[in-house]
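As structure tokens, the structure follows; a few thoughts come after it.
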Amino acid sequence: MAVVPASLSGQDVGSFAYLTIKDRIPQILTKVIDTLHRHKSEFFENHGEEGVEAEKKAISLLSKLRNELQTDKPIIPLVEKFVDTDIWNQYLEYQQSLLNESDGKSRWFYSPWLFVECYMYRRIHEAIIQSPPIDYFDVFKESKEQNFYESQESVIALCTHLQQLIKTIEDLDENQLKDEFFKLLQISLWGNKCDLSLSGGESSSQKTDVLNSLEDLKPFILLNDMEHLWSLLSNCKKTREKASVTRVYIVLDNSGFELVTDLILANFLLSSELATEVHFYGKTIPWFVSDTTIHDFNWLIEQVKHGNHKWMSKCGADWEEYVKMGKWVYHDHIFWTLPHEYCAMPQVAPDLYAELQKAHLILFKGDLNYRKLTGDRKWEFSVPFHQALNGFHPAPLCTIRTLKAEIQVGLKPGQGEQLMASEPCWWTSGKYGIFQYDGPL
């Protein structure tokens, strides 16, 4: 196997990884501490003095974490026994074994960025679970819900579009169906712009009707493998026997508006018979500010169902029905909130890898998935995506992301360098997007 390049890390002063560790992560921790402060009276109402003491304890643990980060202290093992604690601590030992540092300790700015950023969110969770009776509290819940509420007009526009489309779907010829599929894929792509971890937890909602912007946004799609997705799924549809299934898996990213765009796409896949089942993979714990948990998934469907617009509530009712019928299935697994790159999945989570192998197509949403797919490494821009996956090929897969990290592979020779010369922030601003496919053609 070819030599893999070094990991992105905070060692590179001025890099996006460096600025994330130096500025964005402390900002997120400060916001989490503030959120706990603001819920003090709620904790008192629900749990009395015990709730207030728990809030103080959680804040103290989080303040300690912020100090460790800002002073580049060694990264310490997790202490609270949880289902993944041992795996995390083994991974920390593994990272330490790779170091040349004189004291052999992993530190925030010298360890791989992917590891320390995941570790920070896992330590936030540890601070909460160490603080009963408020150990159920999702410190990011408010901002996820706000993102959904602030995107209402866009949600209504998408639900209306979908319901009108479903009415006429049987009359569409193959090219028209393909056009609609491409449209909803692009909506799911641009929905990925709404990422609260990039904005430091500040509002990042969708206030304009993305449907009307698709033509204008096309030049910003750097890699467009939508044709491969169409030919794969339309071929599955044509060759499917009566009782057989076509499974599309969506490895989710953000809750709120982006999740709505993913559910709209999933609805279309069933209505068009391009798929017979859609499986969603989310996070087991609150993660990267806006990532989807089972609570977020169920909450959002409930909100859409009770929306004050007939097509919106029709979508919500349909989605609830899909879940009941088993046509939509939500899964979570601890692997998605571990620091490992995905090429380690067969060893670390063989059960999950075996599950993914049952898919006809896996859609990986967003930046964190892309970073884990490619190992978050300093790849050359023109390295083939298949190579950067480093042996991770459970099923045909496609990554759908707007670029918000200094990693991108599979570009034409010179394309990345050209963008870098004209627009230095091209790969971190969320302005550009990709549909990047790996699988049989």
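In case you wondered, yes, glycine gets a Cβ from its N, Cα and C as well.
For the substrate site, Swiss-Prot lists Asp253, Asn254, Asp367, Leu368, Asn369, Tyr370, Arg371; matching the candidates Lys218, Lys283, Lys404 against that entry yields Lys404. Checking Swiss-Prot for motif 'Subfamily III RTxK motif' across the ranges 105-108, 161-164, 393-396, 401-404 points to 401-404.
When the binding-site residues Asp253, Glu258, Asp367 are compared by the number of other CB atoms within 10 angstroms of each CB, Asp367 has the fewest. Leu368 (substrate binding site) counts 26 other C-beta atoms within 10 Å of its own C-beta, drawing on all protein chains shown. Non-local neighbourhood of Asp291 (Mn(2+) binding site): Leu252, Asp253, Asn254, Ser255, Gly282, Lys283, Leu368, each in the same chain, at least six residues away, with C-beta under 8 Å from its C-beta.
Set side by side, the binding-site residues Asn254, Asn369 differ in how many other CB atoms lie within 10 angstroms of their CB, and the most is found at Asn254.
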